[in-house]
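TrEMBL annotations:
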- D31: active site (ACT_SITE)
- N79: active site, proton acceptor (ACT_SITE)
- D31, E218: Mg(2+) binding site (BINDING)
- 32-36, R44, H48, 76-78, W80, R82, R199, 205-207: substrate binding site (BINDING)
Amino acid sequence: MVNKTVKKTSDSTIISLDKNRLPRHIAIIMDGNGRWARSKGLVRTLGHENGVDALRRIATASAEIGIEYLTVYAFSTENWHRPKSEVKALMSILVRALRKELSTLLDNNIRLQAIGEIALLPNEIQKQLREVIQLTSEGDRMALTLALSYSSKEEILRATRLLAEDVQRGFLLPENITEEVFENYLYTRGMPHPDLLIRTSGEYRISNYLLWQLAYTELYFSPKLWPDFTKEDLYQAIAEYQKRERRFGLTSEQLNENT
Ligand code: IPE
Ligand code: IPE
Ligand code: MG
């Protein structure tokens with residue numbers, strides 16, 4: 001039976017989502033905070049502050065409609081090369097957000113996770129992250145994963161190094177390295193691959209995000225700047241996803257035979 005959920009947008013457009021065909025895992029590249037601020041004559045940092053509000057909106061809306069995994073790009077390895085003052089401001093926004101949003105996570109039964117080179121983050125953030133991850137670990141409605149100091153190429157290299165060590169120690173034979181084995185060495189171990197990737201701000205690139213995991217993900221690009229991204233925009237992206245045919249290399253006919 002088709003199980004529809006009907007959402008009304010602010011301009012009264014009706015978005016109808018099929019509850020049986022929701023993406024299990026949504027990945028987001030939250031881009032456009034700086035341009036959002038600049039368009040309003042504000043400092044870039046205020047764009048990041050408003051980006052946190054957008055994340056709260058989208059994470060709670062995702063949990064509410066039944067998304068199991070939401071993985072968001074919050075800070076890339078390359079972002080360390082931004083002006084010192086911006087990096088510092090981003091870190092302080094992050095530590096404040098972790099403190100402030102603990103109750104949002106607990107209220108919504110969301111467990112927090114982090115991927116990336118967490119050890120490179122300031123100690124205060126590492127401590128705060130560990131605390132929030134531990135305190136929300138029972139949240140079984142949705143996993144919210146923050147990609148922090150994250151680079152997909154670094155993730156793949158790290159996995160390769162760990163794998164090589166295991167081979168060297170004799171724990172693993174090279175001929176037994178399958179996709180499944182390799183995935184166990186990635187930060188995203190145990191998580192399903194994203195079904196849908198959303199990138200905001202009108203940029204059409206992946207920017208070193210989840211390169212392995214996105215192999216068969218449906219891509220959705222929104223012109224909206226991240227701080228302006230609403231839950232209706234999220235529903236719109238999911239509605240578009242539900243119109244796609246995920247063929248995984250097969251033909252349309254093959255897929256229809258099996259239904
Ligand atoms: C995304 O917004 C947030 C981070 C990369 C930390 P940007 O800061 O990249 O905003 P734009 O792309 O300059 O507008
Ligand atoms: C990607 O955005 C990283 C995050 C959203 C955290 P960037 O703004 O850093 O990406 P580029 O530089 O436009 O590719
Ligand atoms: Mg950007």
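Including glycine, each Cβ sits where the backbone N, Cα and C put it.
Here the candidates are the recorded positions D31, N79, E218. The one whose C-alpha lies nearest to that of R199 (substrate binding site) is D31. Cβ neighbours within 10 Å of E218 (Mg(2+) binding site), excluding its own Cβ and spanning all shown chains: 19. Selection of the recorded positions D31, W36, H48 by a Cβ distance under 6 Å from ligand 2 yields, in sequence order, D31. The secondary structure of I206 (substrate binding site), as reduced to three states from DSSP, is coil rather than helix or strand. In this structure, the C-alpha atom of W80 (substrate binding site) lies 16 angstrom from that of D31 (active site). Ligand 1 lies under 6 Å from the Cβ of D31, G32, N79, out of the recorded positions D31, G32, N79, R199, I206, E218. Within 10 Å of the C-beta of T77 (substrate binding site) we count 19 further C-beta atoms, all protein chains included. A distance of 26 Å separates the Cα atom of G34 (substrate binding site) from that of E218 (Mg(2+) binding site). Of all Cβ atoms in the shown protein chains, 16 besides its own fall within 10 Å of the Cβ of I206 (substrate binding site).
Listed recorded positions: D31, W36, E218. Those with a CB atom under 6 Å from ligand 3: D31.
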